[in-house]
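Colleague: Attaching a single structure in structure tokens format; questions to follow.
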Amino acid sequence: MNDKRSVVAMARVVIVFDFDKTIIDCDSDNWIVDELGVTQLFTQLLRTLPWNSLMDRMLMELHSQGKTIEDIAECLKKVPLNPRIISSIKSAHASGCDLRIVSDANAFFIETILKHHGLINCFSEINTNPSFIDREGRLRILQFHDLNSPPHGCNICPPNMCKGLIMEKIRASVSAEGNKRFIYLGDGTADFCASLKLEGGDFLMPRKDFPIWEKICTNQRLIKANIHEWSNGEDLETTLLKLLNSFFLEEEKSSVRTDQLVEVDCKFLTSSIITHA
Ligand SMILES: [Mg+2]
Ligand SMILES: [Zn+2]
């Protein structure tokens, strides 16, 4: 499905991916902490700091140990990424879908990994915690939801980011382009918050036996979207491409109907002209 007509049809599909344990198989924060050897301090401080601030603190620790931005980037490039997930992202993008990321990791980690695998240009938007390199050359992580502004008020998500709010923003931003269908893929509790914003024609692809799965099992009535679970990269690819294929066939069917309507209209017109003549 890569002719012009299918690209136009598939542009109606917005695919929103979580990043950690969805696109990559691990958690990028844990990966850096473990691979660069600061797990002990991380575990010690986990009870005293919110996750997001703790990661910023861990990067300070790594900097003080002499680890550079390049060391962190090299370490991120080793994060395992299932080749089937790489190919499914590339096919979805090539078929014309609008791909986005909503993640509680941070911009530097996500961009470094996606660039390394040649995937960065497949995504039209990455919603995540901002990062920057300060004057000392230390990587800093900020909060997606500014803690100086009023709290987002969601009791499912951490204070620095509510994925449900981001989903609402995405839906509002694309609504001017006409009717869109969403596919959401994720594994975490915050992804459950995002999936509460899906509508009846949308699809939810939760990772089976991960926190989102438990939430869905106990709150299934709250989810309006069609649910298609997945467990690994192979599942993800098969399920996602099957969904895209069914969307495409649906679009084709409805465009055939439009053609027939036009034909009927023309005949009607012709016969009425003849009658008048
Ligand atoms: Mg995740
Ligand atoms: Zn939330």
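Quick reminder: no glycine exception, Cβ is built from N, Cα and C everywhere.
Bear in mind that TrEMBL entries carry predicted annotations, made automatically and left uncurated.
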Colleague: Taking TrEMBL at its word that ASP18, ASP20 bind Mg(2+), choose the one of ASP134, ASP146, ASP187, ASP202 listed for that site.
Modeller: ASP187
Colleague: Going by Cα-Cα distance, pick out whichever of the recorded positions ASP18, ASP20, ASP187 is nearest to ASP29 (substrate binding site).
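Modeller: It is ASP20, whose Cα lies nearest.
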Colleague: Of ASP18, ASP20, ASP104, which recorded positions come within 10 Å of ASP187 (Mg(2+) binding site), going by C-alpha to C-alpha distance?
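Modeller: Candidates kept after distance check: ASP18, ASP20.
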Colleague: Pick the one among the recorded positions ASP18, ASP187 whose Cβ has the fewest other Cβ atoms within 10 Å in this structure.
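Modeller: It is ASP187 that, of the recorded positions ASP18, ASP187, has the fewest other Cβ atoms within 10 Å.
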